[in-house]
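> Take this structure, written in structure tokens, and hold onto it; I'll ask about it next.
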């Protein structure tokens, strides 16, 4: 099997002869511009007919030519390319979640208007979910405009996932964590004394956690974006494993819910959160398995180029995981509205998200300004 069809290793740029084929593929659009008919161009290309950066592991065919126009990119979503179902497996969920959040904000029948401060964390979370799916669709559709734009779109895709991760933490912080016994000093102090025999006042520890959870999640979001952008360079031997790992890191912000289920009767007290929380993480484990293993195309290269390859399965299972998350965040909102504490502030919710956008934009700008990198990846 050609080396490039195996997981990328440091310094691997393709099998012998790929460079010439890539150059020929890259120059083909210019020949068309000089007078060849577009109908004479090969509509879909094989892995050895496109620049090395466009070759996906174990995917042999179904590649679009480079560069395509924006119109050609849009038209390709209705053609059988290896990116078509990558688009649809996130575009359909985007429409479903857009409908879901519209109902939550505008048609829920609650007395709380959509602009009420109590709903600010939900706005942060909704923007993260919708932006993630929208940027994924955009990256997969327009990735063949040019090498530089391909890098830019996938950087934005990574940034949107980090943005979503932080938005999830904001929603957890206001809607889910206040209802946990684990973060109630009146419960935890006697619990620790009874179980461990330690006379410890947990008030300070819990207050410190509450003060640090959002800043730490913010730093993780920026760090994960930096790591994923760097994974597109040649120093990274296993980029898919790295990206999967760094996107799991922000999920650690949900550890209190897991600990709650171990230490207390979360199943009995909040069965909706218990069931959907663990089912969400099951979907995430399955999604990570497909993203890292490159199964099934690793087993039979070329058979799953258009339908059924691992990235499509990864999209489907990440959608299922977010679907379960939306369900228990909505349930947390209902509990929050029954006995709301102090209203969330604009700076503590939307302010954080706006600052994160600025930081992520600076990260992407930094990577795109590296001309040597853009010429490779």
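Numbering starts at 1 and runs along the chain as displayed.
Cβ coordinates come from backbone N, Cα and C, glycine included.
Note that TrEMBL annotation is computational and uncurated.
Checked TrEMBL, it gives:
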- 140, 311, 315: Zn(2+) binding site (BINDING)
- 20-33: compositional bias 'Low complexity' (COMPBIAS)
- 1-39: region 'Disordered' (REGION)
- 87-106: transmembrane segment (TRANSMEM)
- 118-142: transmembrane segment (TRANSMEM)
- 154-175: transmembrane segment (TRANSMEM)
- 207-228: transmembrane segment (TRANSMEM)
- 240-259: transmembrane segment (TRANSMEM)
- 343-364: transmembrane segment (TRANSMEM)
> Across all protein chains in the structure, which of the binding-site residues 140, 311, 315 has the highest Cβ count within 10 Å?
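The most densely surrounded of these binding-site residues is 140.
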> Quick test of the contact rule: Cβ under 8 Å, at least six residues beyond the ends. What residues does that give for the transmembrane segment (207-228)?
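Counting only partners 6 or more residues beyond its ends, the transmembrane segment (207-228) has Cβ contacts under 8 Å with 155, 158-159, 161-163, 165-166, 169-170, 173, 177, 183, 242-243, 246-247, 249-250, 252-253, 348, 352, 355-356, 359-360, 363-364.
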> Quick one: find which recorded stretch in 87-106, 118-142, 154-175 has the most Cβ pairs under 8 Å with the transmembrane segment (343-364).
154-175
> If you take the centroid of the Cβ atoms of 140, 311, 315, the listed Zn(2+) site, which other residues of that chain have their Cβ within 8 Å of it?
83, 85, 86, 87, 89, 90, 136, 312, 314
